[in-house]
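Undergrad: In case it helps, Swiss-Prot gives these features for our protein:
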ACT_SITE  ARG114  active site
ACT_SITE  GLU122  active site
ACT_SITE  ARG166  active site
BINDING   ASP100, ASP119, THR120  Ca(2+) binding site
COMPBIAS  58-70  compositional bias 'Polar residues'
REGION    58-83  region 'Disordered'
SIGNAL    1-23  signal peptide
Amino acid sequence: MTEYLLSAGICMAIVSILLIGMAISNVSKGQYAKRFFFFATSCLVLTLVVVSSLSSSANASQTDNGVNRSGSEDPTVYSATSTKKLHKEPATLIKAIDGDTVKLMYKGQPMTFRLLLVDTPETKHPKKGVEKYGPEASAFTKKMVENANKIEVEFDKGQRTDKYGRGLAYIYADGKMVNEALVRQGLAKVAYVYKPNNTHEQLLRKSEAQAKKEKLNIWSEDNADSGQ
């Protein structure tokens with residue numbers, strides 16, 4: 001719409017200039033010619049003002065929402081915040097080590113993975129030894145990954161490995177997140193939460209709250225004083 005008005009304004013300016021030319025050629029013929037000259041000049045000035053205003057409006061509309069007509073972003077107007085989406089990657093099981101640790105073949109290389117945001121009772125700790133519900137957690141994870149036809153890993157937005165070189169990820173067995181399944185069964189706590197590696201934190205906390213409500217395994221009454 002602005003482009004059409006701009007074109008009309010330019011046409012008006014041309015007509016006004018022609019009228020002024022006619023008025024100048026007849027200015028000596030009398031009072032009416034002088035009035036005609038004044039009218040034509042006024043039309044030209046008004047037209048130039050309108051054209052200038054429309055031109056500014058057209059330029060502004062080209063950067064509406066921070067995007068030029070060409071489709072490129074104008075960084076002075078709009079700055080988009082990039083959001084990295086999580087995606088799953090295929091892997092192959094080598095073995096389950098304990099409740100929250102598995103060894104996988106990932107991108108052609110063997111790699112040990114530590115499940116993000118969860119902590120299961122120990123079974124192989126040099127000082128803690130075997131903790132209550134540790135064997136159950138290990139058996140649960142082992143069953144999930146060994147019975148799965150498809151294993152996938154999903155890294156979060158932050159660092160991908162810990163200080164021991166283990167991958168930090170959500171592990172999926174046939175589409176089911178092992179991390180969440182452990183928490184839901186009361187075999188793991190939500191732990192080691194560090195931003196930005198906490199995309200699924202609320203999902204896990206919701207599952208943990210339900211496990212507590214149902215007093216499952218580490219949240220059971222007979223385990224209340226065990227320090228779990």
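Positions of Cβ are set from backbone N, Cα and C atoms, glycine also.
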Undergrad: Over all shown protein chains, what is the count of other CB atoms within 10 A of the CB belonging to ARG114 (active site)?
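TA: Here the count is 19.
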Undergrad: Starting from the Cβ centroid of ASP100, ASP119, THR120, which together make up the recorded Ca(2+) site, report each further residue of the same chain whose Cβ lies within 8 Å of that point, ordered by sequence.
TA: ASP98, GLY99, THR101, LEU115, VAL118, PRO121, ALA137, LEU182, ALA188, LYS189, ALA191
Undergrad: If you measure from the CA of GLU122 (active site) out to 10 Å, which recorded positions from the list ASP100, ARG114, ARG166 are inside that radius?
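TA: The recorded positions close to GLU122 (active site) (Cα within 10 Å), listed in sequence order, are ASP100.
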Undergrad: For ARG166 (active site), which of these recorded positions sit within 10 Å, Cα to Cα: ASP100, ARG114, ASP119, THR120?
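TA: For ARG166 (active site), the recorded positions whose Cα atoms are within 10 Å come to ARG114.
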Undergrad: Would you count the other C-beta atoms found within 10 angstroms of the C-beta of ASP119 (Ca(2+) binding site) for me?
TA: 17
Undergrad: In the structure shown, which of the recorded positions ASP100, GLU122 has the fewest other Cβ atoms within 10 Å?
TA: GLU122
Undergrad: Determine the Cβ neighbour count for ARG166 (active site): the number of other Cβ atoms within 10 Å of its Cβ.
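TA: ARG166 (active site): 18 neighbouring Cβ atoms within 10 Å.
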Undergrad: Around THR120 (Ca(2+) binding site), how many other CB atoms lie within 10 A of its CB?
TA: 25
